[in-house]
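Features of the protein shown, as given by Swiss-Prot:
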type: ACT_SITE; residues: SER247; note: active site, nucleophile
type: ACT_SITE; residues: ASP494; note: active site, proton donor
type: COMPBIAS; residues: 124-134; note: compositional bias 'Basic and acidic residues'
type: DISULFID; residues: CYS171-CYS222; note: disulfide bond
type: DISULFID; residues: CYS193-CYS258; note: disulfide bond
type: DISULFID; residues: CYS202-CYS499; note: disulfide bond
type: DISULFID; residues: CYS414-CYS495; note: disulfide bond
type: CARBOHYD; residues: ASN182; note: N-linked glycosylation site
type: CARBOHYD; residues: ASN286; note: N-linked glycosylation site
type: CARBOHYD; residues: ASN442; note: N-linked glycosylation site
type: MOTIF; residues: 494-497; note: motif 'DXXH motif'
type: TOPO_DOM; residues: 1-37; note: topological domain 'Cytoplasmic'
type: TOPO_DOM; residues: 59-522; note: topological domain 'Lumenal'
Amino acid sequence: MANRRKFSQAGGGGGGGVFDPFGTKQAVSSLRKGGRLPVYVAGVFFVIFVIIMYGEDIRSLTLDPIARAGTTPARIVEPVVTEERHVARVNPPRREVSSAEKAAALPLDVDERPKLATPTPTEAAKEVPKVEKIRKPKKPKTTKKKPRKPRPAKKTVAAAAGGLLGVPETCDLSKGEWVFDNTSYPLYREEQCEFLTSQVTCMRNGRRDDTYQKWRWQPKDCSMPRFDAKLFMERLRGKRFMFVGDSLNRNQWESMVCLVQSAMSPGKKYVTWEDQRVVFHAVEYNATVEFYWAPFLVESNSDDPKIHSIQHRIIKADAIAAHAQNWRGVDYLVFNTYIWWMNTLNMKIMRPGGQSWEEHDEVVRIEAYRKVLTTWASWVNDNIDPARTSVFFMSISPLHISPEVWGNPGGIRCAKETMPLLNWHGPIWLGTDWDMFHAAANVSRTAATRVPITFVDVTTMSERRKDGHTSVHTIRQGKVLTPEQQADPGTYADCIHWCLPGVPDIWNLILYTRIMSRPQLV
């Protein structure tokens, strides 16, 4: 009652009382009799309080079309990231915006496909489109396909069961580009191939970078399949495969042995040496992969594989029978001859009917080369059965001894080169004898009218690979170079031969593609 009296006095009538615009005094007086005063009064004052405090907000709500649509303006306006995060903590529904932020930032953190610490220029140029692909929901399919470049091999295995890989003869495999691929390359590991000689095991001999092993050749107008050792050995079952020529063909022979040996069981593969011939035996397939030493193809005073470093080289330009008797019955013959011609501009040729090497004449190199190739092609045409034997001629393997040509005037031969020449347009003047190149190409295409000869052009693609040579990570006189010798690349760097795994693997992949894309011979 005391409280009621105070309230009544505070709101009482009379001229000195408080102005009562809503007539609350009469309402209180009438309700006092019914005993419901506290509830009624509380309700009235609550309504008054709401109207006074939120009147402006209520009017703005009735006028704001966004509010009528039930959408919060903060969801449309994109503020600074820090403000976004602050609102998200106060208002939980804002977490949707936070997820969108994470999705937009994802490519900056996720795309870690390049495995090397130093990406190549080609990779760097390709990184931007890869990042953009991850931003779009549909693009993960594209990024997943990138590492699976050898997919055509899977498709061609089925086709190969019928004898074909499906790569057309019209596709020029010599034109293309080197693509960095550390997913599917190298095709084998140096330490996994027991048949490599110390001349080509660059990593074992002290080379620190292995980037040279991870470049895939991509032809311009078609694709080559990945090398399938078991598929290839099935084609070679019961057959002989032979490389004939100089040390570059021996380099390629070692590569081929390492490519195929994985298809055989331990103890079912071994190598034998027989005079000028080295033979890899694949016991389970009753097949051999061989190398025959004949640096000029015809007979010469350099035919001893153990003592052939002769300063004055002399050839019998029209004598090939002594060598060729070892080529009879071979199912695949791969020839080459070049590097041994390059120490002089003129070539010494034994005179017809001469009885000793002293009886010789000097002939311009290109003329002697054409004469030897004509002798060789005539033998092929007269002695090879095209229904049984396939014949190939490998083009020139280039040297890299002039670093100023590729923009490294301070370099020493091919030493310390770790990258191919990328995005290079036009010829590279490395000293390659293009007259000899064209002579070999023309003879291969025209001289043997009865037997097809496939000229395998590996010259231009190999000219880009200044990084692939053994350099100072090789042997000299049967021994690995000492640290002192390795520190003198001007004297000891070998810029002729190639590290394995490496460039010759691609040469063999071209051979594999051509062979497996043709019908199997008898």
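Just so it is clear, glycine is given a Cβ too, placed from its N, Cα and C backbone atoms.
Shown on the structure are the features that Swiss-Prot records.
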| residue | record | contacts (Cβ under 8 Å, 6+ apart) |
| --- | --- | --- |
| CYS193 | disulfide bond | VAL257, CYS258, GLN261, LEU500 |
| CYS202 | disulfide bond | GLU190, TYR212, THR470, SER471, HIS473, THR474, CYS499, LEU500 |
| SER247 | active site, nucleophile | PRO295, ILE339, ILE496, HIS497 |
| CYS414 | disulfide bond | HIS400, ILE401, PRO403, LYS466, ASP467, HIS469, SER471, ALA493, CYS495 |
| ASN442 | N-linked glycosylation site | none |
| ASP494 | active site, proton donor | HIS469, THR470, SER471, VAL472, THR474 |
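Around CYS258 (disulfide bond), a 10 Å sphere centred on its CB holds 27 further CB atoms from the protein chains shown. For the pair ASN182 (N-linked glycosylation site) and CYS171 (disulfide bond), the Cα-Cα distance reads 26 Å. For CYS222 (disulfide bond), the same-chain residues 6+ apart in sequence whose C-beta sits under 8 angstroms from its C-beta are VAL167, PRO168, CYS171, LEU173.
Take the CB of CYS171 (disulfide bond) and look out to 10 A: across all protein chains shown you find 16 other CB atoms.
It is CYS499 that, of the disulfide-bonded residues CYS495, CYS499, has its Cβ surrounded by the most other Cβ atoms within 10 Å. Its Cβ placed at the centre, ASN286 (N-linked glycosylation site) has 11 other Cβ atoms within 10 Å. All protein chains shown were included, and the count of other CB atoms within 10 Å of the CB of ASN182 (N-linked glycosylation site) stands at 19.
Averaged over the motif 'DXXH motif' (494-497), the predicted model has a pLDDT of 98.
In the three-state DSSP scheme, CYS222 (disulfide bond) falls into the coil class. Secondary structure from DSSP puts SER247 (active site, nucleophile) in a helix.
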